[in-house]
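Visitor: Got these off Swiss-Prot a minute ago, pasting:
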- 132-571: domain 'Urease' (DOMAIN)
- H137, H139, K220, D363: Ni(2+) 1 binding site (BINDING)
- K220: N6-carboxylysine (MOD_RES)
- K220, H249, H275: Ni(2+) 2 binding site (BINDING)
- H222: substrate binding site (BINDING)
- H323: active site, proton donor (ACT_SITE)
Amino acid sequence: MSFEISREQYASLYGPTTGDAIRLADTELFAVVEEDLTTPGEEAVFGGGKVIRDGMGQNSQLVRDVGVPDLVITNVVVIDWTGIYKADIAVRDAHIVAIGKAGNPHTMDGVDIVIGVATDVISGEGKILTAGGIDTHVHFISPDQIETALSSGLTTMIGGGTGPSESSKATTITPGEWNIHTMLRSFEHWPMNFGLLGKGHGSSISPMAEQIRAGAIGLKVHEDWGATPSSINTALQVADEYDVQVAIHTDTLNESGFVEDTRAAIDGRVIHTFHTEGAGGGHAPDIIELAQYPNILPASTNPTLPYTTNTVEEHVDMLMVAHHLNADLPEDVAFADSRIRQETIAAEDVLQDMGIFSMTSSDSQAMGRVGEVLIRTWQVADSMKRQRGPLPEDEGTAGDNHRIKRYVSKYTINPAIAHGIADSVGSVEVGKFADLVLWEPQFFGVKPDLVIKGGQMVYGVVGDPNGSIPTPQPRWYRRSFGAYGQAVHTSAITFMSEASIRAGLPRALGLQKTIRAVHGIRDLTKADMRHNGETPRLEVDPETYEVRVDGEPVTCEPQDVLPMAQRYFLF
C-alpha cells in the first residue's frame, strides 16, 4: 500500500528528490535533482524510532568481511561533475565503494548497499555532498594555511615552498632534494593531501630530474627565477620523461621573449598555466591568448575572481609585497602596473563562464586567499548568471545544472586530472578515495558542515565540548579524530612521482601516510577538462587590452555587492 505526501513534507523528512530545486547559499544558482537512486517509501534514516535499527534497516547478521561498509551517508544530494542526484553513499577502507540505495535487503526493496553492525551513519537528509576541493597553486608559507583550507572544503593542496622565505612567498617552488624531503616529512602531521612542485629552472636536465626522483610531482617555471624558453623546454623534457606536470607563471616583462616565444618553447606539450589572465603574472598584455590552445590547461587564481569594484585597487600593493618589489623604484612600480589590466580582468569571469578557463586556485598568501577558492568560484558563477543569464544548456530548465557542474569541476575533477591524481580524488565516484564535504544548502560553498578525509571525519562544526549535547554555542570548526595520531596516515595521501616511489623513497624517509603516484599526464589535452574544454580563438588588442573570443569582445561589469560575503562573515 502506498502513502502519498506533499513534496514539501517529503523534503522535510528525507531531503529533496527528483525535480526539486535547491538554492546554493544566497546566490541566484539553483541545483535541480536530476535523479533519485533511493527507493521511495524505503528510505534509510537514522535516529530514535527511525529505520536503521536492528532487524529493520540494519542487517544484523553479516560480518564486515563480506563487504559491509564502514560508513554510509544517507539520502544526500550529490553535486559533482558526473551529475546532480540523490543517493546513499557507502565508504569502506577509506574509499567510496557504492552509490545507490542503502538498507537491509531482508526487509527493504531495491537495496544495493547493506547497512550492517560494522556501519557508521552520517545523515545527509537535506544536505549536499561534494568531492573535496583541490588547490593546485599553494605557496607553502605558513602551516596555518592547512587548517584554513580544510575549513573551506579543500582536501588537497599542491604547490611549493619551504616556509616564509622570499622565494617561497613568490614562486610556489620547493627547490632541491633536501627541501623536498623536509617538506614531505612535515606533511606527515596533517590530515590533508599534498603534492610538491620542484624548481623548473636550469639549462640541463639533471638538476630538475633529481627533484622528481626526490618526490616532487611536477616542476614550476616562474618569472622570478627566469621563465626563459630554455627553462620551459628543459622542464618539459623532464616532465615527458617522468610523466609529471609543469606549471608555469610566464614572463610579464617579455624580457626573454613574447607570448609567441613561450608558446614555441612549449611546442605543443601539455602544460598547466597559472593565473592565465595575467594579473598574477604572465606576458603583458596577452598571456590570456594561451587559453585557446588544446595543450594548455588554464587556471585562474582567486584574487581577480570575481571582478568587483575593489579588484584593481587592491592588486598593486598586493603584488609589490608578493614579489619582493620596492615601491620607491619606478621600474618596480611600472612592473606592477603592467600586470594589472582592468580589461583582461573583466574578461576573465566570462572566460571562466564559457568553459575556456578550466580551473580555479588560490595563490595562497602570494596574491591569493587559500580559504576562498570555493567561495570565489561560486561568486563568479553567480555574477555571470546575473549578467549573462542562463547558459544555453540551462535555457528552459528550472535550474542552473550545467553551469553548476561546470563550476564545481573547476576545483575538483579538473585540477585532479591536470596533475595526474584523478584516479584517487576529485569526484564522487566508486573507487575514489573518500574525500567528501557535507554542506547545509544555505552555507554551500561558504562554510562546510563536515569534512571527511579517507572516510574519516577530520573537521567539522561542533559546539561546546562541555555541553550536554553537541550543538551549544560557541560552535566553531574543530578537528575530529581522523585528524589525530596515526589516523592521519590513512585519512590523507601524499602524492609523489612514480620514479621516487619505485626507488623506495617513502620507506627511506620513514613516511607513514598513504602514498600514491601521479601518472597519465603527458597525453592530456584541454578536451580532458570536464565541462571546461572550450578552445575558441582568443585575441587581446595590444593598445586597448580588449579581449575578443572568435572576434567578439567579451567583458563584464564590476560587482559592488556579492553573495557568500557579509551575510556569512564579520570581516
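Here the Cβ of each residue, glycine as well, is placed from N, Cα and C on the backbone.
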Visitor: So around the Ni(2+) 2 site, K220, H249, H275 aside, which residues have their CB within 8 A of the centroid of those CB atoms?
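Guide: These residues sit around the Ni(2+) 2 site: H137, T171, T172, V221, H222, A247, I248, T250, T273, F274, G280, G281, G282, D363.
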Visitor: Could you check the binding-site residues H137, H249 and say which one's CB has the most other CB atoms within 10 Å?
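Guide: Ranked by Cβ atoms within 10 Å, first place goes to H137.
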Visitor: Cα within 10 Å of H249 (Ni(2+) 2 binding site) is the criterion; apply it to the binding-site residues H139, K220, H222, D363 and give the hits in sequence order.
Guide: K220, H222
Visitor: From the recorded positions H222, H275, H323, pick the residue whose C-alpha lies nearest to the C-alpha of D363 (Ni(2+) 1 binding site).
Guide: H275
Visitor: Closest to H137 (Ni(2+) 1 binding site): which of the recorded positions H222, H275, H323, going by Cα position?
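Guide: Spatially nearest to H137 (Ni(2+) 1 binding site) by Cα position is H275.
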Visitor: Cα-Cα, whole number of Å: H139 (Ni(2+) 1 binding site) versus H323 (active site, proton donor)?
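Guide: Counting only the Cα atoms, the answer is 12 Å.
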Visitor: Taking the centroid of the Cβ atoms of H137, H139, K220, D363 as the Ni(2+) 1 site, which other residues of that chain lie with their Cβ within 8 Å of it, listed in sequence order?
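Guide: Counting only non-site residues, the set is V138, G159, G160, T171, T172, A247, H249, F274, T301, S361, S362, S364, A366, G368.
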Visitor: Across the domain 'Urease' (132-571), what does the pLDDT come to on average, as a whole number?
Guide: 96
Visitor: Fewest other CB within 10 angstroms, which one of the binding-site residues K220, H275?
Guide: H275
